[in-house]
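Enquirer: One structure, pasted below without further comment.
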Amino acid sequence: MCNHAVISAENGKSDENQRPYNNSISVLNRLGTLVVHTSVFERLGEISKDLSNNARRRQWDSVFDSLRDGHAQQFKKKGRYDMTNEHKKSNIGVKSLYNRRATPIFVSALLSPKEEEEYLKSLGEHKYVFAWTYKEMLGLDLKVTIHHLDIKYGTRPIKKSQRVLGPDLISRVETKINKLINTGFIREVKYPMWISSIVPVRKKNGQIHICIDFRDLNKACLKDDFPLLIIELMVDATTRHETLSFIDGSSGYNQIIMSPKDEECTAFRTPKGIYYHKVMPFILKNAGATYQYAMQNIFDAILHKKVKCYVDDLVVKTKKRGKHLADLQIVFNRLRKYNLKMNPLKCAFDVTSEKFLDFIIRHCGIEADPAK
């Protein structure tokens, strides 16, 4: 159980032009489930006792609000304050199957040297459940699921015209298309019935991401009502566990194969030709339901007991810390059996807190991610 402190203030009268306060103030109420760092109390100790009651409380407010707003950098000189466990980048001692480079992975920085050695050994033994490159993503076992479009009978196909792109964008779009061709995600097609258009989107780092406008195709598809988990209930169910591991699917949607009879319907127009998807693109209608169905089939009996899944976000949870590595091995065996790959650079193993689905999850509680 997390230890929290409750600070009480002496009763005092409110200034005439100031908002009155309650007689006491609780750090627990202000910080929810956050563990209060010692530097907070150092700042509280700097508040003058000569100030009026309300003035002191307003300064307390600024201390706690600064934490809520994520301005923890100001505490670094006196001690580290972090919303989540600090991660340590380690190498599991094997080479990537394709580029022969080192294979980095993240574990908790709080592990002892012996514990870290045990985890890295286990992760190395299960290296085939991770993909450091697209070429290592061989596709989900077809016995689990494939993606069907289920276009409504009688729907008239729509062919979108090509968007006008500036000269500076054309070369960058072609580079992205070539990358998708080399990974086997897309293939050239002639005479498709449906053609969608592309929408290049500039990322914050200046790179280009190619989105496809599937709105017309999505309108023509029936809705898959396979249930997704309720995020709030899922997040709450991961608390009160001593150890957690957070695992992220490596371009998870692209690991599910499109149905051969539907794949040409995903065709899209580019400056260098028309291509269709061999794998399920993220933005297709029902893509989330298909992925959730796959997770249900893969984990089946251990779902909700040892692992929680919301589409491609997984969390392995263990009540007693000493049993966590065994639980991870069970999950890894399922992933390897069905050939589902995880992204090692977005995983964190054996931690007590982490960002997950816009929440900060801890073994003692949850709170909203202040960065969102």
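Cβ atoms are placed via backbone N, Cα and C, with glycine included.
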Enquirer: TrEMBL tags one of 1-20, 141-160, 161-180, 241-260 as region 'Disordered' - which one?
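Expert: Per TrEMBL, the stretch marked region 'Disordered' is 1-20.
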Enquirer: In this predicted model, what is the average pLDDT of the domain 'Reverse transcriptase' (201-357)?
Expert: 87
